[in-house]
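Asks: Can you keep this structure in mind? I'll have questions shortly.
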Amino acid sequence: MAQALFQSSFLACSDLSSNSSKGSDIFGSQLRSPEIELSQLRFLSCYKRNPTLRLKALMESPGLAQDTVDDKPKVTRMIKEVPDHFKELKHRFLSFKKDKYLSNLEHYNGLAEAQVPKFMVIACADSRVCPSSILGFQPGEAFVVRNVANLVPPHENGPTETNAALEFAVNSLEVENVLVVGHSCCGGIKALMSLEDEAISSSFIKNWVIAGKPARLQTKAVASDLNFDQQCRHCEKESINRSLMNLLTYPWIEERVIRGKLSIHGGYYDFTDCTFEKWTLDYKGSTMLSESSCSIKNREFWA
Ligand SMILES: [Zn+2]
């Protein structure tokens, strides 16, 4: 056991050593000198101090993993499961490389130089609503940011990764369309609708979805006669429109909308019946309405 541990830790340490070939010779020998004992202790110490090294050694030696992590069954399970998942991902990646990348090499070489996407997409982090899967975006076609409940906070809320992505997509990439995609059965919207009024929480989720509070209030105002699930469906769409209006609170977005360089769209993907609803913000109409209202145009229903 000790010898196995020593050998594996040395292999993992080899990229840190300037004399790995000498070490291999030593390990191939059955001789045990004081110098070797000292080396074993040094590498054992290195192995124990370095979590990355320990993990690497475990992954490279399944038998060793069993011997050394008996006191941590969760780590053992993770090591057993990960290779199967990545075997499938490796297969998919190599298929992508063969069937798409190498078959369209000129296109991908162009993408290596620059990206010119027409769309900026803001979608939910939910694993069922990947915009590239349901709308067929190919590499280079859409600059995407995903967050819980596909929310766009107003400008006054300050920096988030979502408006950082927006700033780059609008000002640097000069995308022509911003599309906010909501979806059915959204857990983030359910969390928003479940918020206690004015409750202070340490939950990151609650403190994020609170940005959609106006949509929640609007839903409660107009759909109070519906049951909770129906209110959530209503809020899923209401929050999209609130996000479209929030986009206009960013001066550099509104300016491009006014100049006709940028269009703002909403989308709603219902995965219970696989339908997609799409609409476009009517800027002139919206500015004539009250602050809480949104005028839309070009509504389409894809079924
Ligand atoms: Zn969601």
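Each residue's number is its place along the chain shown, starting with 1.
A Cβ is built for glycine as well, from the same backbone N, Cα and C atoms used for every other residue.
Heads up, TrEMBL stuff is auto-annotated, nobody curated it.
According to TrEMBL, the record shows the following:
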BINDING   Cys124, Asp126, His183, Cys186  Zn(2+) binding site
Asks: Please list residues from the chain of Cys124 (Zn(2+) binding site) whose Cβ is under 8 angstroms from its Cβ, counting only those at least six apart in sequence.
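Replies: Residues satisfying the criterion: Arg146, Asn147, Val148, Ala149, Asn150, Val181, Gly182, His183, Cys186, Gly188.
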Asks: Counting every protein chain present, what is the number of Cβ atoms, excluding its own, within 10 Å of the Cβ of His183 (Zn(2+) binding site)?
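Replies: A 10 Å sphere around the Cβ of His183 (Zn(2+) binding site) contains 24 other Cβ atoms.
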Asks: Provide the number of Cβ atoms within 10 Å of the Cβ of Asp126 (Zn(2+) binding site), excluding the reference atom itself.
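Replies: Here the count is 19.
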Asks: Quick one: give me the count of other CB atoms within 10 A of the CB of Cys186 (Zn(2+) binding site).
Replies: 24
